[in-house]
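Engineer: Sending over a structure as C-alpha cells; questions will come in a sec.
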Amino acid sequence: MEDNTPRQRDPISLTSVANGLENMGAELLESLEEGRAPGSDSSPAEVGGGWSKAGPEHLGRRSLQPALRVRRFCREHTQLFRWICTGLLCTAFAAFLLIACLLDFQRALALFVLFCVVLFFLAHSLLKRLLGPKLLRCVKPLRHPCLNLWFKRGLALAAFLGLVLWLVLDTAQRPEQLVSFGGICVFILLLFAGSKHHRAVSWRAVSWGLGLQFALGLFVIRTEPGFIAFQWLGDQIQIFLSYTEAGSSFVFGEALVKDVFAFQVLPIIVFFSCAMSVLYYVGLMQWVILKISWLMQATMGTTATETLSVAGNIFVSQTEAPLLIRPYLADMTLSEIHVVMTGGYATIAGSLLGAYISFGIDAASLIAASVMAAPCALALSKLVYPEVEESKFKREEGVKLTYGDAQNLLEAASSGAAMSVRVVTNIAANLIAFLAVLAFINAALSWLGDMVDVQGLSFQLICSYVLRPVAFLMGVAWEDCPVVAELLGMKLFLNEFVAYQELSGYKQRRLAGAEEWVGSRKQWISVRAEILTTYALCGFANFSSIGIMLGGLTSMVPQRKGDFSQIVLRALCTGACVSLVNACVAGILYVPRGAEVDCVSFLNTTLSSSSFEVYQCCRQFFQSTSLEFSPEALDNCCRFYNHTICV
C-alpha cells in the first residue's frame with residue numbers, strides 16, 4: 001500500500017558555507033594535510049582511524065601526497081621564495097638599466113638618477129639598522145654641553161658671515177636683489193611685532209627654518225643641477241597630467257574638453273587625486289613625509305605632530321593634512337595648533353598643483369614654492385605664536401601615520417577619484433560665486449566713481465594702490481607692481497585659483513609677443529615678476545579659507561572649537577606672510593636665463609616668429625648703441641615691430 005502522506009523535503013544546510021567551506025578542494029587538502037576526516041574536526045585517532053583505511057579515501061589521500069608535500073614545502077620556505085623573486089626582479093631591472101644606458105645614456109639619465117636616489121636611501125636604511133647604535137655610541141662623547149654650545153655659536157657665525165658675503169658679492173651685479181632682502185627683514189619685523197609671546201620666541205626654530213628655505217631655494221633656483229632637476233620634474237608632471245585628456249575626452253567629448261574651462265582643467269584634479277591616493281596606499285607619501293619632517297624636527301627642534309602636519313601640507317590640502325595627526329589634535333598645545341593652521345594656509349594641495357600647471361604656470365616654481373614653504377611656515381609660526389606650554393609630543397616614537405582604509409590598489413584609486421569630486425564641485429561653485437561677486441563689486445565701484453568723475457574705479461585698481469608697496473618689497477620692478485598687487489589682492493580677498501588664472505593670461509600674452517602697453521594698461525609683466533608672483537600666490541591664505549579651516553578642524557575635535565576660533569586669524573596672516581617671504585627668497589636668488597641673457601646670439605641665430613624673447617631682444621636692439629646685430633636681425637625685428645630705426 002502506497003503512502004500518500006506528503007514527503008517533507010530535507011532542509012538545505014548552509015553549515016559548510018557558514019564554516020567557510022566554500023572551496024571543497026582546498027578543504028580536502030587541508031584535512032588530509034592535518035590528518036583528519038574531511039568535514040570533521042576530529043583526528044583519525046579520535047574516530048578510530050577507520051576512515052583512513054577505507055578504500056576510496058585512502059587511495060585519494062595517497063594520490064594527493066605530492067600536492068601536500070609541495071604545499072608544505074612552499075609554506076616552510078615562503079621567505080626564501082620572496083628573496084628569490086626579489087633577486088630575479090632586481091637582476092632583470094639592472095640588466096634593463098644597463099642596456100638602456102649603453103644604447104643612449106642621455107635618454108636613460110632620468111631613470112639612472114632615480115635608481116641612484118632609491119639605492120642611496122636603501123643603503124642609508126640598511127646602514128642605519130646595522131651601524132646606527134654603534135655610531136650613536138661613538139658620537140655620544142661629543143655631546144658635551146660646552147662643546148655643543150660652541151659648535152652652535154660657530155655654525156651661527158659662519159652662516160651669518162656667509163650670508164653677508166653672499167649679499168655683497170651677488171647683489172653687486174643685480175642690486176634689485178637687495179630690495180627682496182629688505183622685504184624679508186620687513187615682514188619678519190612685522191610678524192615679531194605682532195608676536196603673542198615676544199620673550200618666548202625660539203630663535204633656533206626661526207633661523208633654521210629660514211635657513212632651510214634659503215638652502216632649498218639656492219639649490220632649485222641658482223644651481224644648475226637643481227634647476228634642471230626641477231624643470232625635468234615639472235615637465236614629467238605636465239606629461240603625466242596630459243593623460244587626463246584621454247578620460248575627459250571620452251566622457252565629455254573632445255570639443256568640450258578643448259573649448260570649455262570646466263571640462264579642461266577640473267578633470268585634472270580628479271586624475272591627480274587618484275594618483276596621490278595610490279601613492280598614499282603604497283606608503284610612498286608617508287615615507288617622504290616622514291623624511292621631510294625628520295629633517296625639520298632635527299634641525300628646528302619642533303615637536304613631532306606639528307612637523308608631520310606641515311610636511312604633509314606639501315602634498316595634501318589644509319583639511320587633509322590634519323587627518324595625519326587626527327588622534328593627537330585634542331592634546332596639542334595652542335602653538336602646535338597654530339603651526340597646523342599656518343602650514344595649511346601657506347601651501348597648496350597636490351591635486352590643485354596639477355590644475356595650476358594646466359594654466360601654463362611654471363611647474364618648477366610651483367613645486368619649489370610648495371617645498372620651500374614648509375620650513376618657512378614652521379619658522380614664522382613659532383615667531384608669531386611661540387611655545388609656552390609643555391608639549392606631549394616632543395619625540396616622534398609615539399606618533400604614527402595611518403595608511404588609509406583602502407583594502408587594495410583599485411579601491412585606493414577609486415576612493416581617491418571619488419573624494420576629488422567634492423573638491424571639484426567646491427572649486428567650480430567658488431569660481432562662479434567669486435567671479436560673480438567681483439563683477440558686482442566692480443560695477444558698484446564704477447557707479448560710485450562716476451558720481452565723483454573718477455573713471456575706471458574697480459577692486460583691482462584699489463588693490464593695485466593698496467598692495468603696491470608689498471609687491472615692491474618682494475623685489476618686483478616698480479612698473480610691474482600695479483599688476484602684481486592686483487593679483488595679490490585677488491588671492492587674499494577671493495582665492496588663489498582666480499589669481500593664477502589671471503596670471504596665466506598675462507603670461508600667454510607675453511609669450512605671444514604682444515605689445516607691452518595698450519594705452520595706460522600693461523598687457524604682461526616681466527619673467528622675474530611672473531616667477532615672484534607664482535611664489536607669492538602659492539598658498540590657501542585667503543578669507544574664504546577661514547571657514548574651510550575651522551570646519552575641517554572642528555569636525556575632528558569639536559571640544560576645541562573655541563581654541564581654533566581664537567587663533568585662526570593670526571594663522572591666516574602668518575600663512576600669507578610665508579608666501580610673501582617665499583617670494584622674497586626667490587627674488588634674492590633669481591637670475592635671468594636663456595635669451596634674456598644673450599640677445600645678440602639669440603637674434604643672430606633664431607628669429608622665425610614673434611615671441612616674448614623676440615620682443616625683449618628687439619626692444620634692446622632698438623635702444624642699443626653699442627651691441628652688434630646682423631642686418632638680418634634688423635630686418636626681422638622691423639618686420640614684427642615698428643621703430644624709427646626701421647625707416
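The backbone N, Cα and C atoms fix where each Cβ goes, and this holds for glycine too.
Pasting the relevant annotations from Swiss-Prot:
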- 1-79: topological domain 'Cytoplasmic' (TOPO_DOM)
- 34-58: region 'Disordered' (REGION)
- 80-103: transmembrane segment (TRANSMEM)
- 104-108: topological domain 'Extracellular' (TOPO_DOM)
- 109-127: transmembrane segment (TRANSMEM)
- 128-146: topological domain 'Cytoplasmic' (TOPO_DOM)
- 147-166: transmembrane segment (TRANSMEM)
- 167-177: topological domain 'Extracellular' (TOPO_DOM)
- 178-194: transmembrane segment (TRANSMEM)
- 201-221: transmembrane segment (TRANSMEM)
- 222-260: topological domain 'Extracellular' (TOPO_DOM)
- 261-282: transmembrane segment (TRANSMEM)
- 283-293: topological domain 'Cytoplasmic' (TOPO_DOM)
- 294-317: transmembrane segment (TRANSMEM)
- 318-336: topological domain 'Extracellular' (TOPO_DOM)
- 366-385: transmembrane segment (TRANSMEM)
- 386-422: topological domain 'Extracellular' (TOPO_DOM)
- 423-445: transmembrane segment (TRANSMEM)
- 446-456: topological domain 'Cytoplasmic' (TOPO_DOM)
- 457-478: transmembrane segment (TRANSMEM)
- 479-533: topological domain 'Extracellular' (TOPO_DOM)
- 534-557: transmembrane segment (TRANSMEM)
- 558-568: topological domain 'Cytoplasmic' (TOPO_DOM)
- 569-591: transmembrane segment (TRANSMEM)
- 592-647: topological domain 'Extracellular' (TOPO_DOM)
- N604: N-linked glycosylation site (CARBOHYD)
- N642: N-linked glycosylation site (CARBOHYD)
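Could you place the listed features in the three-dimensional structure?
Structural biologist: Proximity of distant same-chain residues to the transmembrane segment (80-103), defined by a Cβ-Cβ separation under 8 Å and at least 6 residues beyond the stretch ends, is recorded for 74, 111-112, 115.
In terms of DSSP helix, strand and coil, the topological domain 'Extracellular' (104-108) has 0 helix, 0 strand, 5 coil.
Residues of the same chain lying 6 or more positions beyond the ends of the transmembrane segment (109-127) and with a Cβ under 8 Å from any Cβ of it are 97, 100-101, 229, 232, 236.
The average pLDDT for the topological domain 'Extracellular' (167-177) in the predicted structure is 81.
Long-range Cβ contacts of the transmembrane segment (178-194) within its own chain (Cβ-Cβ under 8 Å, at least 6 residues beyond either end) map to 167, 171, 201, 210, 380, 383-384, 472-475, 570, 573-574, 577, 580-581, 583-588.
Sequence-distant contacts of the transmembrane segment (201-221) (same chain, six or more residues past either end, CB-CB distance under 8 Å): 156, 159, 184, 192, 195, 227, 230, 295-296, 299-302, 364, 368, 371-373, 375-380, 382-383, 386-387, 581-582, 585-586, 588-591.
Panel annotation: around the topological domain 'Extracellular' (222-260), residues 110, 113, 267-268, 270-272, 275, 353-354, 357-358, 362-364, 366-368, 589, 591, 593 of the same chain, lying at least six beyond its termini, place a Cβ under 8 Å from a Cβ of the stretch.
Beyond the ends of the transmembrane segment (261-282), by six or more residues, the same chain brings 240-241, 243-244, 247-248, 251-252, 315-316, 350-355, 358-359, 403-404, 406, 409, 412-417, 419-421, 423-424, 427-428 to within a C-beta distance below 8 angstroms of the stretch.
Counting residue by residue with DSSP, the topological domain 'Cytoplasmic' (283-293) contains 10 helix, 0 strand, 1 coil.
Distant neighbours of the topological domain 'Extracellular' (318-336): 289, 303, 305-306, 308-310, 312, 343-345, 347, 349, 381-382, 385-393, 399, 401-402, 540, 545, 548-549, 551-553, 556-557, 559-560, 563, 566-567; these residues of the same chain sit at least 6 beyond its ends, with a Cβ under 8 Å from one of its Cβ atoms.
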Engineer: Please indicate, using numbers and ranges, the residues of the same chain that are 6 or more beyond the transmembrane segment (294-317) and have a C-beta under 8 Å from a C-beta there.
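Structural biologist: Distal contacts: 202, 204-205, 208-209, 212, 276, 285, 288, 324-325, 328, 332, 335-336, 339-340, 342-344, 346-352, 370-371, 373-375, 377-379, 382, 391, 393-396, 398-399, 401, 423, 540.
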Engineer: If you count Cβ pairs under 8 Å, which stretch among 147-166, 423-445, 534-557, 569-591 touches the transmembrane segment (366-385) the most?
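Structural biologist: Comparing 147-166, 423-445, 534-557, 569-591: 569-591 has the most Cβ pairs near the transmembrane segment (366-385).
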Engineer: Give me the stretch from 147-166, 534-557, 569-591 with the greatest number of Cβ pairs under 8 Å to the transmembrane segment (457-478).
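Structural biologist: Comparing 147-166, 534-557, 569-591 against the transmembrane segment (457-478), the winner is 569-591.
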Engineer: Identify, in sequence order, the residues in the chain of N642 (N-linked glycosylation site) that are 6 or more apart from it along the sequence and have a CB within less than 8 Å of its CB; answer 'none' if there are none.
Structural biologist: none
Engineer: Quickly jot the same-chain residues contacting the topological domain 'Cytoplasmic' (446-456) by Cβ under 8 Å, restricted to those at least six beyond its ends, or write none.
Structural biologist: none
Engineer: Can you break down the topological domain 'Extracellular' (222-260) into helix, strand and coil residue counts using DSSP?
Structural biologist: 35 helix, 0 strand, 4 coil
Engineer: By Cβ distance under 8 Å, which residues at least 6 away from the ends of the topological domain 'Extracellular' (104-108) in the same chain are close to it?
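Structural biologist: Same-chain residues near the topological domain 'Extracellular' (104-108) but 6 or more away: 97.
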